[in-house]
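Undergrad: Got a structure for you, questions after.
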Amino acid sequence: MKRTVIMMLDSFGVGAAGDAAKFGDVGSDTFGHIAKACAEGKADTGRKGPLALPNLARLGLAHAAMESTGAFAPGFADNVDLIGAYGHAQELSSGKDTPSGHWEMAGVPVLFEWGYFSEHQNSFPKELTDKILARAGLDGFLGNCHASGTTILEELGEEHMRSGKPIFYTSADSVFQIACHEGTFGLENLYRLCEIAREELEPYNIGRVIARPFDGTGPSDFARTGNRKDYSLEPPAKTVLDKLKAAGGEVVSVGKIADIYAYCGITKKVKANGLEALFDATLAEVKSAGENTIVFTNFVDFDSHYGHRRDVAGYAKGLEYFDARLPEMLALLDEDDLLILTADHGCDPTWQGTDHTREYVPVLAYGAGLKAGSLGRRNSFADIGQSIASYFKLEPMEYGESFI
């Protein structure tokens with residue numbers, strides 16, 4: 001029986017990519033810097049000691065990172081009984097954003113330039129916001145800037161609740177984000193507003209509109225809820241997900257995968273929030289998955305909760321939780337199944353600012369007859385999509401080189 005499980009550790013980079021200088025990210029290293037902080041006792045909040053990832057290490061994580069950076073991360077060495085094939089991949093796409101990374105690994109790199117709102121204040125054109133407000137029947141909005149999602153709630157959350165004005169903000173990514181209180185503004189109203197924004201943003205070539213619902217009574221307890229929703233553009237070509245679906249296969253999205261691909265190539269969507277629930281849902285879907293199925297999960301917390309918030313200890317604790325549960329996944333796999341663990345970009349929690357970092361991503365592959373050992377440096381994330389196409393005996397993708 002042929003099944004593929006893709007576990008996307010959102011933002012888990014393994015060292016600055018070859019073109020990191022273009023992005024101001026030379027020296028970034030999500031995995032390496034987390035390991036270093038843990039080894040130095042600087043990440044002991046909620047956990048303690050060196051970073052412990054024995055199962056990821058057996059799958060080749062430390063070796064992939066060593067080949068990327070030239071040295072083993074602190075606390076890791078070459079004394080592991082490897083069971084997986086490992087490599088690291090350079091992104092071909094022009095950006096270091098979520099859609100670019102996901103689409104490329106499914107065989108469709110983003111070779112065009114996204115639109116961006118580069119001004120840190122007064123970020124959005126008045127013509128754009130006027131159209132959105134008019135269609136939504138709103139008399140104003142807050143924000144209009146680059147901001148951290150948690151900080152902007154502390155600064156503007158109360159005013160939003162008083163005025164009913166939505167909070168519009170952006171970042172270094174190609175994104176338009178809208179934060180609204182679930183209780184006072186309403187979740188469905190927020191979703192409708194995002195749909196309007198998605199339509200009006202078409203001429204600007206913005207990759208995503210993101211609904212950022214939150215709850216709470218004031219700055220001290222405002223918190224995002226699990227009802228985030230991404231409104232992405234469709235990939236510019238058929239991904240390997242589309243091809244498997246067209247061939248009669250199943251593609252199961254766990255978490256935000258369906259949103260990232262604008263539902264293209266998806267046959268089933270499973271909602272889950274948080275590392276534990278996402279892992280539970282992934283296991284449940286693998287248990288019930290039949291022949292010619294992809295189960296694809298995005299573990300977004302690594303990015304949204306720890307990377308962007310520059311929470312090194314939280315990131316380390318999350319990785320250790322994920323690692324501790326990996327044996328449950330391995331126990332479910334048949335001999336012919338293919339497991340792939342990877343990332344879509346970096347988000348070094350020790351780096352300046354709050355944005356993503358341009359890094360190599362790990363490519364860890366297990367099963368399907370693959371021999372343990374190095375896959376080397378992959379020239380594109382699309383090698384993953386090409387390998388999946390080869391595995392399922394689908395028509396080859398235009399980009400990528402199979403490692404199967």
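Using the three backbone atoms N, Cα and C, a Cβ is placed for every residue, glycine included.
From Swiss-Prot, for reference:
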- ASP10, ASP344, HIS345: Mn(2+) 1 binding site (BINDING)
- ASP303, HIS308, HIS356: Mn(2+) 2 binding site (BINDING)
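Help me picture these features in the structure, burial and contacts included.
TA: Sequence-distant neighbours of ASP344 (Mn(2+) 1 binding site) (same chain, 6+ apart, CB under 8 A from its CB) are MET8, ASP10, SER11, THR98, SER100, GLY101, HIS102, MET105, VAL361, PHE381.
DSSP classifies ASP303 (Mn(2+) 2 binding site) as helix under the three-state reduction.
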Undergrad: Starting from the Cβ centroid of ASP10, ASP344, HIS345, which together make up the recorded Mn(2+) 1 site, report each further residue of the same chain whose Cβ lies within 8 Å of that point, ordered by sequence.
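TA: Filtered neighbour residues, in order: MET8, SER11, PHE12, THR98, GLY101, HIS102, ASP303, ALA343, GLY346, CYS347, HIS356, VAL361.
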Undergrad: Neighbour count, 10 Å Cβ-Cβ cut-off, for ASP10 (Mn(2+) 1 binding site): what number do you get?
TA: 25
Undergrad: I need the neighbours of the Mn(2+) 2 site defined by ASP303, HIS308, HIS356. Which other residues of that chain put their C-beta within 8 angstroms of the C-beta centroid, in sequence order?
TA: ASP10, SER11, SER304, GLY307, HIS345, CYS347, THR354, ASP355
